[in-house]
């Protein structure tokens with residue numbers, strides 16, 4: 001007997017649902033032991049790659065004046081309990097699955113519900129796989145998707161986050177939008193009672209941390225970039241980055257008669273027109289992509305082809321002709337035309353460390369000079385202006401629809417303890433020992449009533465390589481204070497997949513926003529968990545996740561410890577085990 005997978009996984013995370021067995025069939029009692037898979041990161045990750053592997057610097061003036069879908073390997077992990085193996089196995093198939101209205105109605109939140117009527121606590125969303133929609137514009141692994149959405153809803157999850165890829169929807173021709181796959185995926189979310197954070201993904205998928213598939217920019221955009229390579233971000237050695245169209249040409253008609261910002265605006269307008277019946281109800285948030293990985297930043301630390309490795313400082317991305325034209329105009333306006341011919345040429349390489357470079361070293365470094373202040377102010381300001389243009393467009397398109405607009409900012413925590421904060425500077429955040437680089441971003445977000453979304457919420461300082469002066473906790477604290485001053489809502493994400501109690505505890509702590517002793521009722525407005533995959537459904541991981549969601553929903557005023565909630569989650573999983581095990585065995589070959 002092949003039992004409905006949504007029914008199988010739903011019973012894993014909700015109330016028992018009556019199931020009919022064929023004559024002669026009996027529930028199985030097979031069991032297996034779980035095992036966790038996350039391991040602590042290495043303590044020292046300093047790169048010692050030989051200098052000759054990097055492109056040699058082109059020392060052009062001026063020198064500084066004072067001197068970032070494959071899950072098959074997880075399916076057969078040992079010690080995986082059969083009931084949860086169904087969820088993992090389902091990710092490897094794409095056969096259709098339908099759920100009856102009775103089955104959907106039978107879905108119940110864990111124990112006595114995930115959210116209180118007064119809506120205290122922090123809503124938890126879960127990121128969907130990057131390849132949730134295929135290149136053929138269909139739902140990928142529909143069978144697994146339906147089952148997993150059922151489980152997430154039953155566990156008390158508020159909703160899901162979905163990437164709407166520009167490179168899939170408007171792939172073939174300008175203005176030709178194909179929402180196939182997304183329409184069905186949104187219908188599935190609505191059927192399961194899940195809210196949706198929709199990401200307008202105007203960047204390439206592939207080449208960043210966690211990218212499990214490749215989705216390039218639209219074909220016709222790539223054709224224009226091939227004709228004019230300066231549409232791509234460029235470093236000082238002439239290396240082009242095609243993850244995202246350079247912000248230097250934001251307002252220029254370089255994409256088949258439209259500017260990049262016009263293309264983004266038209267895409268969002270087409271999205272609104274196609275899904276207007278879901279806006280404000282199922283679709284509750286629009287996260288607007290503004291750079292690589294959807295983040296408001298420059299592609300300063302690209303992992304593709306091994307160009308950058310953690311914790312290198314990255315490299316400035318201002319050497320395409322459009323960016324250099326802007327720099328030249330800014331230098332002339334400042335009365336320093338000699339500063340407008342190029343960016344810093346003594347800022348090291350992608351994998352350098354601050355003290356290895358004249359520009360970023362703590363004593364006498366160019367970053368702290370008059371020239372450094374001019375350049376870094378310009379470099380960060382045009383990034384903020386880029387964000388403002390897109391936010392203005394998004395706010396206009398989605399006005400009066402009932403959805404929130406959000407902006408994602410990267411959590412660049414390495415070298416945070418240095419004076420120059422070199423890795424943040426190359427990414428476009430003018431944040432140093434002496435300057436707050438996140439307050440201007442928060443103020444820009446606040447002007448449009450948007451949400452400031454920040455990553456690395458799960459990280460603790462001591463887990464990171466200390467020789468790289470990593471300080472994610474201090475960074476999150478700084479961002480929390482900046483958003484408080486700007487009076488803008490703060491939401492969070494984990495930067496890397498984590499399933500352990502330590503990460504959950506840190507997220508709970510960070511989301512409470514008890515930063516300066518006067519946060520009162522302020523909490524993060526939402527948290528998005530990275531990401532739905534087979535590892536999430538492993539027994540220990542799933543038990544901890546269900547408890548984590550419950551604890552987040554209860555809010556910071558809850559006096560119950562996480563361990564107590566986890567014990568309830570263990571009972572909850574065990575109670576449904578016989579039904580789910582039988583379903584798993586029935587589906588085995």
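Using the three backbone atoms N, Cα and C, a Cβ is placed for every residue, glycine included.
The shown structure was predicted, so the numbers you read here are calculated from the model rather than taken from an experiment.
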Region 'Disordered' per TrEMBL sits at which of 23-63, 64-104?
23-63
Using Cβ atoms only, which residues of the same chain lie under 8 Å from residue 163 (substrate binding site) while being at least 6 residues apart in sequence?
128, 130, 132, 199, 201, 205, 294
Across all chains shown, how many C-beta atoms besides its own are within 10 angstroms of the C-beta of residue 531 (substrate binding site)?
18
Where's the emptiest Cβ shell within 10 Å among the active-site residues 295, 493?
493
Nearest-integer angstrom distance between the alpha carbons (Cα) of residue 493 (active site, proton acceptor) and residue 531 (substrate binding site):
10
Under 8 Å Cβ-Cβ from residue 413 (substrate binding site), six or more apart in the same chain: what's there?
456, 459, 464, 470, 471, 472, 475
For residue 494 (substrate binding site), what residues in its own chain, 6 or more apart in sequence, show a Cβ-Cβ distance under 8 Å?
455, 456, 457, 458, 503, 507, 529, 530
